[in-house]
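J.: Can you read through this structure? Questions will come right after.
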Amino acid sequence: MFNQSYLNVYFICGTSDVPSHRTIHEVLEAALKAGITLFQFREKGESALKGNDKLVLAKELQHLCHQYDVPFIVNDDVSLAKEINADGIHVGQDDAKVKEIAQYFTDKIIGLSISDLDEYAKSDLTHVDYIGVGPIYPTPSKHDAHIPVGPEMIATFKEMNPQLPIVAIGGINTNNVAPIVEAGANGISVISAISKSENIENTVNRFKDFFNN
């Protein structure tokens with residue numbers, strides 16, 4: 001069952017996103033201890049794990065999340081999400097159609113990336129629990145990212161559909177969250193702001209403060 005508070009501090013990470021002196025297990029556990037509300041396993045890039053290695057890691061990270069009662073979401077990979085019985089899946093505009101995914105994930109969380117009004121107009125949101133809007137700011141984490149849309153895009157979507165849960169993504173750090181919250185976002189999703197933080201507990205707590213009112 002989806003709760004929009006899951007979106008408050010949404011951590012996204014894969015093996016290529018963590019510094020060389022840490023493992024993804026260490027980074028995730030530190031983030032979980034600090035109080036992230038949702039985790040998405042996003043294994044991308046040239047060095048990304050594949051096949052059984054990816055499956056094994058996904059199971060380990062899923063187990064870690066469940067120890068802290070945090071839902072585990074898989075990015076894009078429908079077969080992996082089904083195989084490990086993930087708590088949900090997040091897809092982009094170029095990935096499998098949401099309607100097709102929904103038949104496999106009737107009781108799971110489904111998220112969809114939307115960057116602009118055109119994508120919003122052509123997206124079927126019938127089975128979608130939340131949308132990820134961005135990039136809000138310039139981001140180094142996604143080389144294929146769109147042009148930054150700014151917090152204004154969140155405000156526009158909220159005006160069009162006030163009940164639609166929205167999580168912001170792209171270039172977000174603890175210094176630029178306020179305009180996102182003011183625009184009406186239900187949460188923020190970050191990669192490097194947490195994965196490369198020198199003090200994960202402090203970073204997560206600062207993010208949480210914006211949504212604890």
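Just so it is clear, glycine is given a Cβ too, placed from its N, Cα and C backbone atoms.
I grabbed these lines from Swiss-Prot:
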BINDING   GLN40, PHE41, ARG42, GLU43, LYS44, ASN75, SER113, LYS142  4-amino-2-methyl-5-(diphosphooxymethyl)pyrimidine binding site
BINDING   ASP76, ASP95  Mg(2+) binding site
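Give me the structural setting of these features: burial, nearby parts and distances.
T.: ASN75 (4-amino-2-methyl-5-(diphosphooxymethyl)pyrimidine binding site) carries a strand DSSP state (E or B). Counting only same-chain residues at least 6 apart in sequence, those with a Cβ under 8 Å from the Cβ of ASN75 (4-amino-2-methyl-5-(diphosphooxymethyl)pyrimidine binding site) are ILE12, GLN40, PHE41, ARG42, GLU43, LYS44, ILE89, HIS90, VAL91.
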J.: Which is it, of ARG42, LYS44: the one of these binding-site residues whose Cβ has the most other Cβ atoms within 10 Å?
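T.: For the binding-site residues ARG42, LYS44, the Cβ with the most other Cβ atoms within 10 Å is ARG42.
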J.: Through the lens of DSSP with three states only, how would you label PHE41 (4-amino-2-methyl-5-(diphosphooxymethyl)pyrimidine binding site)?
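T.: Note: PHE41 (4-amino-2-methyl-5-(diphosphooxymethyl)pyrimidine binding site) is in a strand by DSSP.
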J.: Might you list, by sequence position, any residue in that chain lying six or more from SER113 (4-amino-2-methyl-5-(diphosphooxymethyl)pyrimidine binding site) with a Cβ less than 8 Å away from its Cβ?
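T.: Long-range Cβ contacts: HIS90, VAL91, GLY92, GLN93, ILE131, GLY132, GLY134, ILE169.
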J.: Return the count of C-beta atoms lying within 10 angstroms of the C-beta of PHE41 (4-amino-2-methyl-5-(diphosphooxymethyl)pyrimidine binding site), excluding that atom itself.
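T.: The answer is 27 other Cβ atoms.
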J.: So among the binding-site residues GLU43, ASP76, who's got the most Cβ atoms within 10 Å?
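T.: Ranked by Cβ atoms within 10 Å, first place goes to GLU43.
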